[in-house]
Amino acid sequence: MTDSTIRIAIVGAGGRMGRQLIQAVTQMEGVVLGAAIERKGSTLVGSDAGELAGVGLLNVIVGDDLSQLTDNFDVLIDFTRPEGTLEHLAICRQHRKAMVIGTTGFDEAGKAAISEAAADIGIVFAANFSVGVNVVLKLLEKAAKVMGDYTDIEIIEAHHRHKVDAPSGTALAMGEAIADAMGRSLKDCAVYSREGYTGERKPGTIGFATVRAGDIVGEHTAMFADIGERVEITHKATSRMTFANGAVKSAIWLGKHDNGLFDMRDVLNLNEL
């Protein structure tokens, strides 16, 4: 890719996040909407993507076959579901198109496929594209190094009723940031459910609690609790535009990288702090 205007494709264009992404593209300099894709059979196929997102006519018609639109974009932004994202990944890898992936819920095989594809194309893969959340992840690393060994750590997350995976990708990223800072593996210390007689809390574990209700955009709290005091680090999102803007900024940043696997900490240069 060059430093000229970057053409963006958005899959799931008719969804809540897809419409926000279209709005973000139209509001940001250096990018244009090149393609918009919906699932086959969707009544939205054939409509104008701009009118769909409420930003006026863009003369970009919603299609249903990504493989037929690869000449129209440089970077694909994907906030769909794992099985669909992996199909899109294969197409992008074949045609050397970069990707911004905000899909969550991948298993280990899916994550490995993304890592392998990054040998050929540039990919920004993050559980959360909010600037605030990624600053929180950095704060959690610092807190875990100071307090992690002697406090009880709990992560509580809340999302809208339509979210299909739990815990959220952001909650897991918070757990991984804490565990990594303490030299542990999250899979060895995570506790995802408690029910019935559980006995006392085991030292060194990281607990997770999930809420699904109403239209909550996203709330995450990491708690470091000791006897007599506790520290809570919280992020609350009130609009999906914060995620959409971060994803589009990632696409612009990715224009300077032909290949490699990155996350928002790379985009925001947080790894230097």
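The backbone N, Cα and C atoms fix where each Cβ goes, glycine too.
Mapped onto three states, the DSSP output places Ala126 (NAD(+) binding site) in coil. Cβ environment of Ala126 (NAD(+) binding site): Ile101, Gly102, Asn134, Ala173, Ser250, Asp263, Met264 lie under 8 Å away, each six or more residues apart in the same chain. Positions annotated as NAD(+) binding site by Swiss-Prot, on the basis of sequence analysis: Gly12, Ala13, Gly14, Gly15, Arg16, Met17, Glu38, Gly102, Thr103, Thr104, Ala126, Ala127, Asn128, Phe129.
What Swiss-Prot records for Arg39 is NADP(+) binding site, and it gives sequence analysis as the kind of evidence. In sequence order, Asp64, Gly84 are the residues of the chain that are 6 or more apart from Arg39 (NADP(+) binding site) and have a CB within less than 8 Å of its CB. According to DSSP, Arg39 (NADP(+) binding site) sits in a coil region rather than a helix or strand.
In the three-state DSSP classification, His159 (active site, proton donor/acceptor) falls within a strand. All protein chains included, His159 (active site, proton donor/acceptor) registers 25 other Cβ atoms within 10 Å of its own Cβ. Annotated active site, proton donor/acceptor per Swiss-Prot: His159, in sequence order, evidence recorded as sequence analysis.
Residues or ranges marked as (S)-2,3,4,5-tetrahydrodipicolinate binding site by Swiss-Prot: His160, Gly169, Thr170.
Sequence annotations record features per position, and here Swiss-Prot assigns active site, proton donor to Lys163 based on sequence analysis. Around the Cβ of Lys163 (active site, proton donor), 16 further Cβ atoms fall within 10 Å across all displayed protein chains.
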Can you figure out which of His159, His160, Lys163 (the recorded positions) comes closest in space to Thr103 (NAD(+) binding site), comparing Cα atoms?
Lys163
By a simple count, how many Cβ atoms lie within 10 Å of the Cβ of Gly169 ((S)-2,3,4,5-tetrahydrodipicolinate binding site), its own Cβ left out?
17
Is any of the recorded positions Gly12, Glu38, Asn128, His159, Lys163 within 10 Å of Gly169 ((S)-2,3,4,5-tetrahydrodipicolinate binding site) (Cα-Cα), and if so, which, in sequence order?
Asn128
